[in-house]
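Features reported for this protein in TrEMBL:
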type    : residues                                            : note
BINDING : THR12, ARG82, GLU83, TYR134, ASP249                 : sn-glycerol 3-phosphate binding site
BINDING : THR12, ARG16, THR271, GLY315, GLY416, ASN420        : ADP binding site
BINDING : THR12, THR13, SER14, THR271, GLY315, GLN319, GLY416 : ATP binding site
BINDING : ARG82, GLU83, TYR134, ASP249, GLN250                : glycerol binding site
DOMAIN  : 6-256                                               : domain 'Carbohydrate kinase FGGY N-terminal'
DOMAIN  : 266-455                                             : domain 'Carbohydrate kinase FGGY C-terminal'
Amino acid sequence: MADFVGALDQGTTSTRFMIFDHGGNEVARHQLEHEQILPQAGWVEHNPTEIWERTRAVVQTTLNKANLHHDDLAAFGITNQRETTLVWNRRTGRPYYNAIVWQDTRTDRIASALERDGRGKTIRHRAGLPPATYFSAGKVQWIMENVDGVRDAAERGDAVFGNMDTWVLWNLTGGTDGGVHVTDVTNASRTMLMDLETLQWDDELLSFFGIPRQMLPEIKPSSAPDPYGVTRADGPLGGEVPLTGILGDQQAATVGQVCFSPGEAKNTYGTGNFLLLNTGEELVRSKAGMLTTVCYKFGDHPQVYALEGSIAVTGSAVQWLRDQLGIISGAAQSENLARQVEDNGGVYFVPAFSGLFAPYWRSDARGAIVGLSRFNTNAHLARATLESICYQSKDVVEAMREDSGVSLDVLKVDGGVTANELCMQMQADILGVPVSRPVVAETTALGAAYAAGLAVGFWNTTDELRQNWNEDKRWLPTWGEEQREKGYAGWKKAVERTYGWVDVD
Ligand SMILES: Nc1ncnc2c1ncn2[C@@H]1O[C@H](COP(=O)(O)OP(=O)(O)O)[C@@H](O)[C@H]1O
Ligand SMILES: O=P(O)(O)OC[C@H](O)CO
């Protein structure tokens, strides 16, 4: 058996390829950003051709950096930004429209109609998701209604739908020349089209959005001993490697953090934040604004479910300070700027750029900075931005406790923002719970590598994977209860100020 496993992480801001050894250690990586296309307020798109080109480039460069070849890889795993929606022509390989990103709010009318006319109740029960702009089905409907020729092509069987896992897999396995059209259960569970119990596309859900079944990829397990396909020899790997793992990126991070037992949770801090709690084989239906989602399904083993608190804007609020306001020149500088002041100076920033996701699900909310006085500076705003990441996480931890009865005794964290030591200290203070970061912070790619490697016997059991997890750093709470309650009360008041800002009806 080859000595390494490769994993592609096609994320919201960048695409990276990483190679891991048997101990779960990183051997090499390369990463490239892609353009965020913002055609109008609330719209976010990616160019799928650019994403495929970036994929080719990162795979080739990583192999070159490590001086490895395709036959050094026992398996290839894919993880991806979830929900982001693409429709392309299976004969020409050409996309009909840019990929509509999960953060995009153009489908707010579609989502609010679902809620008004009662279909939302069926979607909540069957798909485990609230009707919101976030998920794929409304985006497919929008493309069919607004892009010439797509509906006819879909009915003829020419136009196909996929999230980014499916797009990358289709291209890696051959594109118009034999590409496979497949997704995994975790990605399918984010479309609003899959029945969470049967793990199959559901005809009634499809009819809500007018989506013909032949547009959809085949749903497979997240770890597939019978491979989805092999990389084509004239592709970026230059040879055949079995493609045996696919996980949506947040489920991948849960696997990379070895949260294999019910009650174990992780919080990933990237463009947005995503807290997932493993609920085992039990499908827990949320009453507190969490999503029910498939956590993973390894081969023939029963599927494992999770409760998820999805937050749309966290790291991207830091990017906003950099790109739109220009008050920092890089994300890391947010820490230095925020350290210039002792506290938020009364300022709260609710970055509801895409409405509010969990646990509020308010598509009528928009961002607000409140509590300003003449005393405040950029440093207070930087601090309020980092605090907003932590307060939004507290909101979902509270909701999770309500749904599951689980009180976390430690929060496992990962993702780009966890490099920010001040933010992690604030998180421990605001939650009143220790925060723990692992040595291998790239848990998303690692989780996809684990799924792919388990399928081919590179790793044999989840217990073996647990041995690979080691703590890098732990932050302990320093605030008293009174300070914590006062700070949180201010946050809750600020959140209320964002409601009803846009009219979605
Ligand atoms: N030191 C830092 N402090 C605060 N935010 C950071 C820092 N470093 C990176 N980020 C934020 O982390 C995000 C990138 O994290 P990453 O895990 O790569 O995200 P994604 O997988 O969503 O592309 C960006 O939004 C960036 O603003
Ligand atoms: O690409 P990320 O890390 O921002 O994750 C995006 C999520 O999968 C959206 O649901």
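Just so it is clear, glycine is given a Cβ too, placed from its N, Cα and C backbone atoms.
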Report summary line: CB < 6 Å to ligand 2, subset of binding-site residues THR13, SER14, TYR134, GLY315, GLN319, ASN420, seq order -> none
Requested in this report: Would you work out the biggest C-alpha to C-alpha distance among THR12, THR13, SER14, THR271, GLY315, GLN319, GLY416, the residues that bind ATP according to the record, and give it in angstrom as a whole number?
Outcome: 13
Report summary line: Checking the binding-site residues SER14, ARG82, GLN319 against GLN250 (glycerol binding site) with a 10 Å Cα-Cα cut-off, in sequence order, leaves ARG82
Report task. Please determine which of the binding-site residues listed here (GLY315, GLY416) has the lowest count of neighbouring CB atoms within 10 Å. Result -> GLY416
Query raised in the report: Under a three-state reduction of DSSP output, how is ARG82 (sn-glycerol 3-phosphate binding site) classified: helix, strand, or coil?
Result: coil
Query raised in the report: Whose Cβ, among the binding-site residues THR12, SER14, THR271, ASN420, has more other Cβ atoms within 10 Å than any of the rest?
Result: THR271
Report task. Would you mind ranking the binding-site residues ARG16, ARG82 by how many other Cβ atoms sit within 10 Å of each Cβ and giving me the lowest? Result -> ARG16
Query raised in the report: When neighbour density is defined as the number of other C-beta atoms within 10 angstroms of a residue's C-beta, which of the binding-site residues GLU83, ASP249 has the lowest density?
Result: GLU83
Requested in this report: May I ask which residues of the same chain, at least 6 positions away in sequence, place their Cβ under 8 angstroms from the Cβ of TYR134 (sn-glycerol 3-phosphate binding site)?
Outcome: GLU83, TRP102, SER310, ALA312, SER354, PHE357
Query - Chain-internal residues, separated by at least six, CB under 8 A from GLN319 (ATP binding site) - result: THR13, THR271, ALA331
Query raised in the report: To which of the binding-site residues THR13, GLN250 does the lowest count of other Cβ atoms within 10 Å belong?
Result: THR13
**Report entry** Environment of ARG82, GLU83, TYR134, ASP249, GLN250, the listed glycerol site - residues of the same chain whose CB lies within 8 A of the CB centroid
**Finding:** GLN81, THR84, TRP102, ARG190, GLY248, PHE274, SER310
Query raised in the report: Looking at the binding-site residues THR12, SER14, ARG82, ASP249, whose Cα is closest in space to that of GLY315 (ADP binding site)?
Result: THR12
